[in-house]
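Written out below as structure tokens is the structure these notes cover.
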Amino acid sequence: MRAFLEEFKNFISRGNALDLAVGVVIGGAFGKIVTSFVADLFTPVLGLMIGGVNFQHLAWEIGGSPEDPVTINYGSFLQAVFDFVIIAFAIFLLVKAINTLQRKEEESPPTLPPPEVVLLTEIRDILNRHSQ
């Protein structure tokens, strides 16, 4: 059991597992923010723009009694689709920004050696020419 716990500790302390855990926590929080944005800001404004529609209450009655109808709540589904599109777009922008930064790092010109190294290289070359 001790070896198992030690192996688990080593797994958790590796960078990838920690990065994944942080990503999941931040992703969950970001998802809640986007859900609130869609439900509380985006769909009400969109509903007003297309004629005062409340997306949360859009549903088809497919059966049941008038007091307790069976419904397909497609308005909730539309909100989930809006959530997904906004989250996917935000992730796209984030990945695009990260790729741009990585490309700039790769394309940066090589740094010049310090003046001391240049001087020592010149001295070495002079000594090599004189020794021949």
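Placed from the backbone N, Cα and C atoms, the Cβ positions cover glycine too.
Copied over from Swiss-Prot, here are the features:
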- 11-31: transmembrane segment (TRANSMEM)
- 75-95: transmembrane segment (TRANSMEM)
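If you look at the transmembrane segment (75-95), the same-chain residues 6 or more away from its ends with a CB under 8 A from one of its CBs are 30-31, 34-35, 37-39, 42-43, 54-59. For the transmembrane segment (11-31), the residues of the chain that approach it from at least six positions outside its boundaries are 83, 87, 90, judged by C-beta separation under 8 angstroms.
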